[in-house]
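This report concerns only the one structure given below.
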Amino acid sequence: MHSERAPFFLKLAAWGGVVFLHFPILIIAAYAFNTEDAAFSFPPQGLTLRWFSVAAQRSDILDAVTLSLKVAALATLIALVLGTLAAAALWRRDFFGKNAISLLLLLPIALPGIVTGLALLTAFKTINLEPGFFTIVVGHATFCVVVVFNNVIARFRRTSWSLVEASMDLGANGWQTFRYVVLPNLSSALLAGGMLAFALSFDEIIVTTFTAGHERTLPLWLLNQLGRPRDVPVTNVVALLVMLVTTLPILGAWWLTREGDNGQ
């Protein structure tokens, strides 16, 4: 009789892989509470919240956090608008070049970040646009659009066109149909796509390196701190903050898409 249960060694390998991937993250989280000033003294001498207080009083950290939040919020907003419009334009329409357009929409997230960053920097230099806040937002929006587009187009494909036709047959105009029929079906996909886009933007570093100029987002601040051993405890606190800000939206997006799939 065939058993559907996975072999023990396969389970062991899977859990070993999970531990291998997440152990460094747990180390950073643990040492954010370490009482020692040293980088990674083992075993930890105790627990303290001192470094959280120190980080909260550092103006350079607060400025980096504020900039990252602003960039992520604006890039997510742009991605929601452009990604939704692109998905709506490609939904239920067959025309020459449709597949090519879909490929171009997915290209920014498929290409290596260094290629995207270099291409954006070249484009900005060509039009004499100096790197700064605006260029960071544009750079982040290029790959955030992909996340929103994928979520929305997938939901569009699971939405029955007969619902739209029934709404129009009952006398609803285009706006009413969108407001009361289409948008409720897209709401969880939009929210999940927006949360994923925000998480991707908040911790993006490769594209940001090419487009930031003199600006310093939180990931760039962390990169600059690698050469300062005395600040390692504070750096661990900031790294923990980045992990929380990016992990929570990803978990929320997973939960939303799971609920949406179960409801279809």
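If you go along the chain as it appears here, the first residue is 1 and each next one adds 1.
Just so it is clear, glycine is given a Cβ too, placed from its N, Cα and C backbone atoms.
Swiss-Prot assigns F9 and L218 to topological domains bearing different names, which places them on different sides of the membrane.
For the topological domain 'Cytoplasmic' (92-100), the DSSP counts in helix, strand and coil order read 3 helix, 0 strand, 6 coil.
Beyond the ends of the transmembrane segment (190-210), by six or more residues, the same chain brings 68-69, 71-73, 75-76, 79-80, 83-84, 112-114, 116-118, 120-121, 131, 136, 139-140, 142-144, 147-152, 217-220, 223, 242, 245-247, 249-250, 252-254, 256-257, 260 to within a C-beta distance below 8 angstroms of the stretch. Put simply, of 101-121, 129-149, 237-257, the stretch with the most CB pairs closer than 8 A to the transmembrane segment (71-91) is 129-149. Each residue in the topological domain 'Periplasmic' (122-128) gets a DSSP state, and the totals come to 5 helix, 0 strand, 2 coil.
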